[in-house]
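Residues or ranges marked as N-acetylserine by Swiss-Prot: Ser2. Sequence annotations record features per position, and here Swiss-Prot assigns phosphoserine to Ser2, Ser13 based on similarity to another entry. Annotated ATP binding site per Swiss-Prot: 26-33, 58-60, 97-100, in sequence order. The active site, proton acceptor annotation in Swiss-Prot covers Glu98 and rests on sequence analysis. Look at Swiss-Prot and you will find Phe128, Val172, Glu173, Val174, Ile175, Gly176, Tyr181 tagged as substrate binding site. The Zn(2+) binding site annotation in Swiss-Prot covers Cys153, Cys156, Cys185, Cys188.
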Amino acid sequence: MSYINLPTVLPSSPSKTRGQIQVILGPMFSGKSTELMRRVRRFQIAQYKCLVIKYAKDTRYSNSFSTHDRNTMDALPACMLRDVTQESLGVAVIGIDEGQFFPDIVDFCEMMANEGKTVIVAALDGTFQRKAFGSILNLVPLAESVVKLTAVCMECFREAAYTKRLGLEKEVEVIGGADKYHSVCRLCYFKKSSAQTAGSDNKNCLVLGQPGEALVVRKLFASQQVLQYNSAN
């Protein structure tokens, strides 16, 4: 029997780690941050030097980034990714949470991947209006790996691909959790929430702005009419 002896390091082996971009998309509550954390920890176990970057305006968890079930990991806050370029060049793996909020996400990820870094981005793909969120979708053609996760619809328990805002705010960037957003399916996306229904009802109230005030006034007038009737008799 003959054996083939292969060298431990092949001549064609790269001299440094090859860079790549991995993108994790999906609605809120679909497990994007959990998957980002899992991938980063996998590299940490293999003794790679890792850095996680979080959006600085999300101050809910101090200097950590957190999943919705309160698993946390140390993170470097930033509003612009270019502000943490030096820190990023000193590591092998870069994790970016809430990538949709960073206006320079595309240029930064491409630059770091070309420097041999593994860049893992977790981001919302769409706004509460189901429109592209910032420039995050421009990262898709540049990425080696793209996955879109789904959540469970918080109104009917089917598969959920969208994020629905519960309040009446119109601006795109409103940071919050289950108090402000639901993950929903296509059918439930078009159903009005209780807050939206209350808001539309208030617009139709010509005299009094608060629900229930008209009922109080009617009771008040009824009491006055009874008093007038009793005094007349």
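Easy rule for this one: first residue shown is 1, then count along the chain.
Keep in mind that glycine also has a Cβ here, set from the backbone N, Cα and C atoms.
Everything Swiss-Prot records as a feature, shown here on the structure.
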residue: Gly26; record: ATP binding site; DSSP (3 states): strand
residue: Lys32; record: ATP binding site; DSSP (3 states): helix
residue: Asp58; record: ATP binding site; DSSP (3 states): coil
residue: Glu98; record: ATP binding site; DSSP (3 states): coil
residue: Cys153; record: Zn(2+) binding site; DSSP (3 states): coil
residue: Cys185; record: Zn(2+) binding site; DSSP (3 states): coil
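Cys153 (Zn(2+) binding site) sits 10 Å from Ser30 (ATP binding site), taking the CA atoms of both as reference points. Residues within less than 8 Å, Cβ to Cβ, of Ser30 (ATP binding site) and separated from it by at least 6 positions along the same chain comprise Leu149, Thr150, Ala151, Ala160, Ser183. Cα of Met28 (ATP binding site) to Cα of Tyr181 (substrate binding site): a distance of 8 Å. Cα to Cα, Glu98 (ATP binding site) and Phe128 (substrate binding site) are separated by 15 Å. Counting other C-beta atoms within 10 Å of each candidate's C-beta, the binding-site residues Asp58, Glu98 are led by Glu98. Within 10 Å of the C-beta of Cys188 (Zn(2+) binding site) there are 19 other C-beta atoms, taking all protein chains into account.
The two recorded residues, Phe128 (substrate binding site) and Gly26 (ATP binding site), have Cα atoms 12 Å apart.
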